[in-house]
Amino acid sequence: MTKLNEAFKNHKALIPFVVAGDPDFEGTVSNVIALAEAGADVVELGIPFSDPVADGPVIQAGYLRAFDQGVTVERIFQMVTAIREQTQVPLVFLTYINIPFKYGYEAFCERFEQLNISGLVIPDLPYESRDELAPIAEKHGIALVPLITLTSGARIPMIAKAATGFIYMVSSMGVTGTRDSFTKALGETVTEIRRYTDVPIAIGFGIHTPEQAHELSQISDGVIVGSAMVDIVGKDGQNAPKELLLYTKALLTAIDQPVEV
Amino acid sequence: MEQLKEATEKKGYYGQFGGRYIPETLMNELNHIEATYNELKDDPEFQEELHTLLRDYANRPSLLYFAKNMTEDLGGAQIYLKREDLNHTGAHKINNVLGQALLAKHMGKTRFIAETGAGQHGVATATVAALMGMECEIFMGKEDTERQKLNVYRMELLGAKVHAVTSGSMVLKDAVNATMQEWVSRVDDTFYILGSTVGPYPFPKLVHDFQSVISQETKRQLAEQAHQLPDMVVACVGGGSNAIGSFANFIDDESVKLVGVEAAGKGVNTDQHAATLEKGSTGIFHGMKSMFLQNHDGQIDQVYSISAGLDYPGIGPEHADLQDRGRAQYVGITDDEAVSAFEYIAQQEGIVAAIESCHALAYVRKIAPTMAKDKIIVCTVSGRGDKDVAAIAKYRGVEIDD
């Protein structure tokens with residue numbers, strides 16, 4: 001099993017997100033390969049859900065495009081098999097809890113292990129409810145990546161201490177989508193998390209410019225870029241791999257550029 | 001078995017159902033709501049404040065009315081109607097809104113948000129927001145805003161902003177999604193007044209407690225009028241708020257049969273219904289583990305009912321548990337049967353009942369003739385039907401310029 005924390009070694013990680021099945025299955029395979037080629041450290045794939053309450057309009061539109069292609073969980077697993085024939089880039093999946101619940105936690109995690117999928121992000125599975133899935137995920141070597149938000153406050157120690165893989169630090173209030181600015185509280189929250197864990201911290205929600213990627217990677221171990229990627233897939237369709245590659249390279253260049261003093 | 005026992009004892013669960021499955025952003029807030037409610041619920045001052053509002057503002061207690069014509073016509077069990085339609089704002093929704101609004105006030109909130117299906121909960125929330133001087137925004141599926149234009153205007157008249165939700169199937173489920181999204185983006189000053197006994201804990205408990213005034217009164221009123229317990233209590237279920245309120249004080253009285261009536265739409269064997277407990281399976285959605293209409297992959301179904309208030313693919317976790325342990329029974333009533341009951345109750349008793357409530361009345365119409373004359377059925381008329389008149393006329397092919 002590919003260990004996620006390897007992806008964060010000696011380098012601030014970039015984690016692009018695309019929707020599985022968007023614009024279609026072959027397109028997703030090409031998109032993931034392009035992202036890996038560009039140097040993405042981890043690729044996050046979204047399993048579409050009918051009612052994605054944590055996602056904004058851009059990612060919701062990606063889910064709808066995938067549903068139009070007849071996306072199913074089984075079809076996504078077949079798609080990962082095709083991806084794995086061409087790249088071993090670490091993969092994490094984002095989905096809503098009803099998807100693994102309905103599939104069966106044990107069977108779901110078993111498929112993840114077979115396909116060398118490293119982690120699982122579930123926005124509607126808070127700390128208090130994670131016990132029904134966490135031991136099963138752990139048994140199969142899958143990191144259950146927790147989310148910490150600007151409202152987590154006193155919950156930070158308990159969430160941070162239980163974290164595996166990496167911590168998904170949610171940059172702002174609200175749903176996914178591009179944003180123009182981030183608050184000072186974000187840096188303070190990251191500092192607070194650091195007091196309790198060595199698990200890498202990646203910041204996501206709203207990041208879309210290379211400048212933002214640079215700025216936020218300075219206060220964390222990596223950044224997650226979602227809506228901006230899905231937006232490219234939505235606009236460029238079959239040409240998306242080329243555009244994703246260029247965009248990812250630009251983000252990586254910005255992340256790796258030295259800090260001005 | 002061990003696992004089951006453990007789940008039963010888990011906080012916030014009803015048997016294997018319930019819990020909290022929501023974004024981390026809201027977890028502290030839910031804990032805060034729960035802690036504040038636990039402090040307030042036994043506080044005599046809070047209870048007095050709520051009781052006064054229920055009595056002087058909402059017009060409680062609501063009447064328990066012996067439906068003599070209907071009883072004679074059906075020729076079986078004696079039928080009593082619990083008249084929640086006579087409450088201020090015309091439905092049971094006000095009971096819960098007053099409770100949650102007071103709780104929100106104690107937490108220092110200044111802004112209410114709420115979802116609404118038929119518009120009754122939205123109207124009740126807008127009403128109480130006006131009363132308490134709160135900002136108010138209501139989220140309603142676009143399709144429902146068209147089915148229930150009158151209620152949209154009522155909410156606006158009361159000073160609320162109404163958002164027509166255009167995602168998904170544009171009905172109640174989508175309105176809940178949109179309200180949750182709004183809450184995640186602005187939780188500091190905002191209280192989500194959830195209208196049904198659904199969502200993450202403690203919402204199912206809040207709604208249970210604030211709606212239980214219905215069965216508390218029924219029990220007392222029936223003891224006065226008939227000197228006994230009812231043999232059966234019938235209420236319609238969408239998410240299940242008026243039903244849980246109607247059942248609450250009878251759950252421990254094993255002799256009282258509890259029946260929840262779901263919307264069978266165009267028939268439970270078509271793909272156009274909202275009969276969650278009859279046709280659904282266990283899942284996790286809208287913050288709770290419960291029963292849902294969903295596909296093999298766990299994608300939530302788009303459901304259908306003529307009634308915007310019952311048009312919901314899930315059910316409160318307590319109902320799922322009541323069914324699971326055989327304490328309550330849930331049955332389906334089709335659009336046709338509900339519309340027929342709408343006309344029947346109007347003509348028999350001179351009561352224009354909400355199309356939601358008419359699902360319950362339609363079941364009473366079926367079951368009462370099969371029961372002995374000394375048996376008593378209490379049926380909750382959860383709301384009044386003025387809002388539905390234009391839609392029912394249309395269903396019957398009569399065009400009314402509304």
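Here the Cβ of each residue, glycine as well, is placed from N, Cα and C on the backbone.
Taken residue by residue with DSSP, A:GLU44 (active site, proton acceptor) is part of a strand. The feature active site, proton acceptor is assigned by TrEMBL to A:GLU44 (among others).
Residues or ranges marked as active site, proton acceptor by TrEMBL: A:ASP55 (among others). The Cβ of A:ASP55 (active site, proton acceptor) has 26 neighbouring Cβ atoms from other residues within 10 Å, across all protein chains displayed.
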What's the number of neighbouring CB atoms sitting within 10 A of the CB on A:GLU44 (active site, proton acceptor)?
25
Can you give me the Cα-Cα distance between A:GLU44 (active site, proton acceptor) and A:ASP55 (active site, proton acceptor) in Å, rounded to a whole number?
14
